[in-house]
Amino acid sequence: MRWLLVWMVVTLRSRAQPQQRIVEGPSDTSAMLGETQGAVQWVKNGFGLGNDRQLSAFKRYSMEGSASKGEYNLRITEVDIEDDDVYECQIQAAGSNPSRISNPAKLTVLVEPQPPKLQVGGSVLKAVAGQRVQQSCVSKRGKPPATVRWVIAEDAEATDVLIWLEDQQYDKRDSHNAHITEDVHRTDERTYTVISNISFAPRAEDDEKYLACVVSHETYPSIKVQSVFLALSYAPKVELKLDNNSVLREHGSALLSCSVKAKPFENVEIVWYRNGKAISSATTDTLSFPELRIDHHQSQYVCLARNSIGESSASYVLNVSYGAHIMSNEQHQAVSPGEDAFFHCEAIGNPKPVIHWIKSGDNRTIARGNNFTLRSVQSWQRGEYDCVATVEGFPAAILTNYLHIRGPPSVSLTEETAAAVGESVEIICEVRGRPQPRDVLWSLNGLPLEYGRPGGRIQVHQVPRQFGVESKLIIRSIKDSDFGTYNCTAFNELGHDFQTMELKRKSVVDVVIKVLPWSYAVPLALFAFAALLLLVCCCLWRCYRKKYKKASRLGDEQLEVTVKCEALDGGQFFPEMYSSSPPENSELICSKDYVPIPQNNPDLDYLPPPTFIGNIYQPYLNQPVEYSLDPSVRFEPAYGSFTSGISTSAGATLSDVYAGNTSQVEGTVLETLTEVATPDMESGTPLLLNAARVHERPVSRTSTHV
C-alpha cells in the first residue's frame, strides 16, 4: 500500500482588479513508493470538490502535478472572498485500506481596506487647549480589520511624530489624558469596518500641529494617514526670568522679565505680586529693582497673565546677598572683680556672617562665635567690647557692649580748651562705673560753680549714656573771670573720682584754625612753609653769587675791564703834589688812587698821560723832590687797600707814573701785596713789549680789585 500525504496551505489575495500572488506555499510532503489505490480529492470546509483533476464543478479550481509522482496540488484562479476557507486533502478507502485525510490548511484571503477618513469637522479643528475634543477615524472593508492609531505630528503626513496618543488606561504617561474606543464590525462580504473614537485634551504646545489618524494593514506597503490641523486657543503660558545683567546684592539692581505666550494675545493683562500682594505700579512685562534692599531677599515675585481663555502665572524668589546686620541689642554687664561676664550677639547676612569679638580700640580678636565670656573679671578689663560680624565683600557690622566693674566712678575730661571772650564753650565730662553716679559737681579754680538758674549764662546738663553719665558744662558769653581750671567730680555709693582741665584764652593760631576748616588750613600752612623755604633759598643763592661770583673767561676780543688799582711802586698824587710850589697846609697827605686799567696793560707797565679838559692839575714835577726831611709828609692808605706783612723800605721812591721822574720821600712805610697773576703772566707773552723797555720796573706790583 502506498500512502500519499499532501500538506498545503494556499493563501491568495483578492483586489478590485483581480491580481493574485502566493502568500504562503504548500508545506513539505512525503510519500511511499507505489501506486495510489484510492481516489484523491480536496475537501473545502468538509465538502468534497471531486477526484477528477479538472474539478469541472468548480471552474476556478483544478488539481495539478504528476500523478505518477503522487502530486495532487489544488490550484485556485481568480481568488474571491468566497475562497477564504479551510482545505483538506482526502484519500478515499480502497479495499482493505481505510480513508485518510490530511491536516486542514487555511486559505486566508486578504482584502485591502478603503483609505481612512475623519468623521468630525473639516481640515481644521478649532479647540481650546486643556478642554477635551473628540474625533473619529473610519477604515472600511478590510480583511482582516485594519489597525488604527492616533498621533500628534509636526506635519500633515505624520512623518515627524511628536507624540503617540494612547488610551490612558493603558499608558499613564500620556499627558493629554486621552481616551480611545474602537468599534469593529463585519460586513456581509466577510470584510471588516473599524471606527476609532478619541477624546483628549490638547495642550498649548499642540497649537498649529496636526492630529493624525494612522492606519496600518497587511496589504498596505506603508501606513495611510488622515490628519486635521489644530487651531488652538489657550490661556497665557508664563515664564519668569532674571536679566543676565542683574546684580543680586544689597544696593545692586535687578530686572525680572515675564515672557508670555497666549492665544489670543491682544487682550493679555499682566499683574505682578510680591509675597501675595499685588504691585499696583507694575503693569508691563518687566519688573525692575533700581536698588535692592535686605527685605527683597527671599521675597517671592509672581507674574500673572490672563486673557479671554484663562490665566496662568510663574514665580521667582530673589536670593539677595547682603552684608552683616546685628540683631542683638547692646548689653551692659556690671560685675564685681573676680566674677564672670557674658555677652551674646546675633547677626544676619547672606551668606551667613562670621562673628568675632574685639576690645574697642584694639583690633586683635579675643573670641569667635556668638557668645563671649570673660572669666574672673579684673578692674583693668572694664571698657567696651565689640561684636564684629562680617560677610565677605561687605563692610563689617559692629555692636558695642559695655563691661562695668562695680566700684568708684571713673571720670574722663578734656585736658585743655581755648576760647575767646564773648564766645560760648561746652565742656564734656564722661563718668563711667557702676553703680551709676549719684551726682556730678563742677568747680572753677577750687570754687563751686553756680548754675541751674533758668536762662543763666552757665548751665550743666546730665545726659545718660551707654557707658554711664555725660555731664555737659555750657558757658555762654565767656568773661575774663571764666578762664581757669575746671574740676569735674563724680560720686557714687562706692567712692568718687575727679578730673581737671584748663580753659585758656584763644590765640591767633586757634582763631585761624577755627575760622579755616582743615581742608583749607592744611594747604595754607603747607603753602606758607613752602614760601618761607623759597625765600631762604633765594637769600642763600644771592649771598652765594655775591661771594663766589666768578669772572667770565677772556675771549678773543679785547674787552675793557674796570679794576681798582693801588700803585705800590710809586705814587700819583693829587694836583697839590704835582705843583711846583709846596702846599699851603703844613701836612701833605699822600693817598692811593683808583684808575681804570685797560685789558692790554693790567700790570700798569705803561700808562699814557691822562687827558684833562681844562687845566685841572699843575704841570708835572720836572725835578726830584726830597721829602725825607719834611716830617709833615705822611702816607695814608686809600679805602679798600690790601694789607700784608710785607712793607716797602723807609726810604721809598715815589715814581711819577706819567713821567720818568721820581721823588725820594722819607715817610710812612707802605704795605706790599702778593703778586697777582695777570693775563700776560699766564700766557708768558707780554702784552706791550715796547712799554717794558721804556719803563723798567718790577712786574705785578699792583693790587687790583674787580
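Cβ atoms here come from the backbone N, Cα and C positions, even for glycine.
Quick caveat, the model's predicted, so the values are computed rather than measured.
Annotation comment: TrEMBL describes 40-102, 116-224, 236-321, 324-390, 409-504 as domain 'Ig-like'. As annotated by TrEMBL, signal peptide applies to 1-16. As annotated by TrEMBL, transmembrane segment applies to 520-544.
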For the domain 'Ig-like' (324-390), the number of residues DSSP places in helix, strand and coil: 3 helix, 37 strand, 27 coil
Secondary structure composition of the domain 'Ig-like' (409-504) [DSSP: H/G/I, E/B, coil]: 3 helix, 59 strand, 34 coil
Arithmetic mean of per-residue pLDDT over the domain 'Ig-like' (116-224): 89
